[in-house]
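*Asks:* My questions all concern the structure below.
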């Protein structure tokens, strides 16, 4: 991939722009800069460009530590990392080019829609200034456009996609070694800005994270080696256990690019070959399952590239008509771990305290959110984004779409998994629940996952008063099932009526819900609006929103390190915590129509406005759709689709439904098969459901 950079021009000065590739090994952009001549290594902090997806506290902490580690590594090789605070990445890079005299810019491209748009506009701006701009793949085994079905179309389900990856005629590129030394460019006229990632109120909580996690690419490499030589062999047996360190814990390292996915793949494959030669079937199966986790991460980028609004909209057309419940009381109880279902509550309190969740628990809490509480899946996805150490837009979108049944091979929306049964499956001895719910610590294992059924004498002996020091179930499972069936029936009726109206020429778009009252998202909840009807739960009391609503009830709990060290974390002082709140301040009208980006939700940057696909309000179908142009550029032996939305665009691409799926304007019209929204009713009834509950996994939760 980096072979296109000539090594003969040793006097060339190049900027290497780091994004989520914070490592010096297997970094194609860095390797290209080193071969080209002098290197100016740059990181630009411009979170406002990401609109609603401003990184949460724990994610910002990890980034700050990883940057320090990277700077130390670069200094040992002969250069340093220039850090800049910006509201316009492209303009800042242009300023760096002028101040350093660089003639090249190298970076590793990403696959989320925001990064694709930003990267293309960057190339346009700098190329117009005579700067050579090249980007490389450092995040995937194969580029998304390299993996297609026999008809040359993108896959729409995971299993055939991953099978194709494993059967490609050529292996993923071998990881590159770190450079032996780096010749530094003159940066005397380009001083670094001091980047601030935390305020005083966050430092105490962040100090606890430092005792449990070790960011940085060298530490990532150590963690990978320890996992392969240790827990990997029993991964197939232990991966379902939520009550211990049974997973790799590599996903934060992978998200920030501290760890090369190609290196992970090759090392695990080599270990698998050793075990195959030894006849170790358990080890072989463990490798298959772990590589499948890698495949899910690959698929999340593949899905995001081919369906750029997958973090906003369901990929199955009919689910746009599902009427979600917008109940702030439910949302608050779920966030605080006060739903009355012990496994769900334990998971949410662990998430708040540590920024981490076992992948099984992620599935449990998100399934409960969507199917029992019937809250909009984008609310849950945004909360995960705000609180997870490994928050990852593509992976989180895939996980929540899967749980919500909005993928062709996702879990059916009408399938509710009882948290009680899930508890005994993933936490059979109740140790996980006892660790995070100290109020239930004395409850016998027989009742630990359903305390509401325990005899009064047992509850008294355990010091539990249901409804007082531990809540009763917020929703009965049987009632949730009945309510879900009613909502599904209403969804199919609305879809049928809308399609009939479209066919009769009396209605355009996705249906007429103009009689529905406007519904607001919870205060300080920055979420976009999909083309889906919502409904309020009128039986729930009004919620008085204040900062403390976000807080978990006061308690003392533990963070367990990978090396089993336990540290105490006191969450009693909630008043002083200024952790980023869950979405809010979004008004939307409930008409099921096109979307328009809220210009006020992100600070306007200078001459390079990057449209985001975030907080939106619904627009009238009479408003014109903004066309997007695209081109294809040959780069490093691959064909990279280049996005070029109109600079005046203020909205995500408008989708229009028809019987064959959903297509959009511009790029999507020219490539209809690659971005088609799938109609569930046209899918084969024999589609393999490859993510059933036994194998369900949130794609960013490695281990």
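Counting starts with 1 at the first residue shown.
Here the Cβ of each residue, glycine as well, is placed from N, Cα and C on the backbone.
As the structure is a computational prediction, the values presented were derived from the model and not from experiment.
Straight out of TrEMBL:
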{"type": "BINDING", "residues": "235, 247, 248, 249, 250, 251, 290, 390, 391, 392", "note": "FAD binding site"}
{"type": "DOMAIN", "residues": "12-141", "note": "domain 'Photolyase/cryptochrome alpha/beta'"}
{"type": "REGION", "residues": "612-654", "note": "region 'Disordered'"}
{"type": "SITE", "residues": "324", "note": "site 'Electron transfer via tryptophanyl radical'"}
{"type": "SITE", "residues": "377", "note": "site 'Electron transfer via tryptophanyl radical'"}
{"type": "SITE", "residues": "400", "note": "site 'Electron transfer via tryptophanyl radical'"}
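Burial and contacts for the listed features, if you can.
*Replies:* A sphere of 10 angstroms centred on the C-beta of residue 290 (FAD binding site) encloses 27 other C-beta atoms.
Counting every protein chain shown, 21 other Cβ atoms lie within 10 Å of the Cβ of residue 324 (site 'Electron transfer via tryptophanyl radical').
In sequence order, 324, 366, 369, 370, 400, 401, 403, 404, 406 make up the list of same-chain residues 6 or more apart from residue 377 (site 'Electron transfer via tryptophanyl radical') whose Cβ falls under 8 Å from its Cβ.
Within 10 Å of the C-beta of residue 400 (site 'Electron transfer via tryptophanyl radical') there are 27 other C-beta atoms, taking all protein chains into account.
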*Asks:* If you count other Cβ atoms within 10 Å of each one's Cβ, which of the binding-site residues 248, 250 has the most?
*Replies:* 248
*Asks:* Would you count the other CB atoms within 10 A of the CB of residue 235 (FAD binding site), including those on all shown protein chains?
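*Replies:* The answer is 23 other Cβ atoms.
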*Asks:* Please work out the mean pLDDT for the residues of the domain 'Photolyase/cryptochrome alpha/beta' (12-141).
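*Replies:* A mean pLDDT of 95 is what the model gives the domain 'Photolyase/cryptochrome alpha/beta' (12-141).
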*Asks:* By DSSP, what is the split of the domain 'Photolyase/cryptochrome alpha/beta' (12-141) into helix, strand and coil residues?
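*Replies:* For that range the per-state counts are 62 helix, 31 strand, 37 coil.
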*Asks:* Taking 10 A as the limit, how many CB atoms besides its own sit near the CB of residue 391 (FAD binding site)?
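*Replies:* There are 25 of them.
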